[in-house]
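Sharing a structure with you now.
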Amino acid sequence: MANRNLRQVRIEKSNNNNNNGGGGNCEDMASRPQLLPQGKNKRPGEVSEGDPSLMPPKMEDGEEDKGVTIDIKSLLKPGEKRYTQRCRLFVGNLPTDLTDGDFKKLFEKYGEPSEVFINRDRGFGFIRLESRTLAEIAKAELDGMILKSRPLRIRFATHGAALSVRNLSPVVSNELLEEAFSIFGPVERAVVIVDDRGRTTGKGFVEFAAKPPARKALDRCSEGAFILTTTPRPVIVEPMEQFDEEDGLPEKFMNKTQQYLKEREEPPRFAQPGTFEFEYSSRWKALFEMEKQQREQVDRNIREAKEKLEAEMEAARHEHQLMLMRQDLMRRQEELRRLEDLRNQELQKRKQYHMRHEEEQRRREEEYVRQHDPEEIRRQEAFKSSYMDAREQDMRMGDMGVRGSINMGDTYSQAPAVSQGPPPMMGMSINSRSTMPGPAMGSGTTMATEGAASLGAAMMPDDGTVECLPVFSGG
């Protein structure tokens, strides 16, 4: 494709006086299409045979007639795409016996075409050239040329994949419009229409490379709301009405019907006041004036409605933004509360963990001290030994009480056995539940058990030692 951009195209100049300026010129007469006879149906701009001022200059001897070379790259506008629908020509009034090779040869000096189609039954065809400029040159040179006794009719083919776009924002450009509609398919061209001062009219058009993307865009935009900018302002997409504003309707293409002949009987003129023509012309003008006023009123109403809608939309958008900000603030506060709760829970868990850890550590330390501290071990052993001695003494004392009482008054009685515990105390009787006789305090005097007079009472603490506390009787 890049090499074709640099291809040189030769446009041959006329070296035969019988050639017309509007026709295409070929190098030999055999391949050259047949032209109109001299003086018949001459178009403006055609070269007459007897006009020497319009004849090309004669070549000197030895000088070759070299064609003008054109670089196709110079015919492409910056950013212009090649082989688009805008480069497609409609060729009408073709001979029925025209072959594809002859049809292509007719356009061979305008570059390599990418599409060639001929309908021989209906006598028309289509051809697509590389650029719009080449298509315009080919149209200007070949339109009206006589080919096998038939004048060719060449015009630009209608774009079947073009859409009109309305309700555009003032900030929408050609590039943004093309980028927006590229989601439906390849876009050849997108244009925002402006006025004579370059200000946008809010209208534009988009030309797709094929019909399926155009239908998809039309259906999607009709069913939904397609927004191009921040403002919720949907675009209105419709099939584009295409008009031929370049060639219009030439006289040679008019159909010479009875209505045509009747209307052409009178030349252009102004209606005279007081005549039949003037009366009905005035009524026609009044009707057009009423239509104009009603259209202006409708335009004013629509403009006021648009301004009101924009004001309401701006206020609603401001309120919507405030609502979103409040919702976001509430969401952030809720998130902060949730994070604070999670933080408190985490702190509580850490505190409980530290407490359990400290308790476990203290328990381990106490266990370690109990197992490894010698002083504590000796203290525990001494406590166990004293406790066992006290228990043994209690058992012995209980055994002595069961056997009977000990007579403390008999001074000649032998000492008790070693196994009976310590010697009895003088003037005192020891018994757990019954009374024990003591020394005679007088005739018939004995020591009773509970509440009786005695010299003392034996007390045994937990450590096993016996302590005698004096007990005095009343009186």
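Backbone N, Cα and C define each Cβ position, glycine as well.
Annotations in TrEMBL come from automatic prediction, not curation.
Below are the features listed in TrEMBL for this protein:
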DOMAIN    87-159  domain 'RRM'
DOMAIN    161-242  domain 'RRM'
REGION    1-64  region 'Disordered'
REGION    350-372  region 'Disordered'
As a test of reading the model: what is the averaged pLDDT for the domain 'RRM' (161-242)?
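Across the residues of the domain 'RRM' (161-242) the model's pLDDT averages 93 on the 0 to 100 scale.
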In the region 'Disordered' (350-372), how many residues does DSSP call helix, how many strand, and how many coil?
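Going through the region 'Disordered' (350-372) residue by residue, I get 23 helix, 0 strand, 0 coil.
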Of the residues in the domain 'RRM' (161-242), how many are helix, strand and coil by DSSP?
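For that range the per-state counts are 21 helix, 28 strand, 33 coil.
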Taking helix as H, G and I and strand as E and B in DSSP, count the residues of the domain 'RRM' (87-159) in helix, strand and coil.
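DSSP composition of the domain 'RRM' (87-159): 22 helix, 23 strand, 28 coil.
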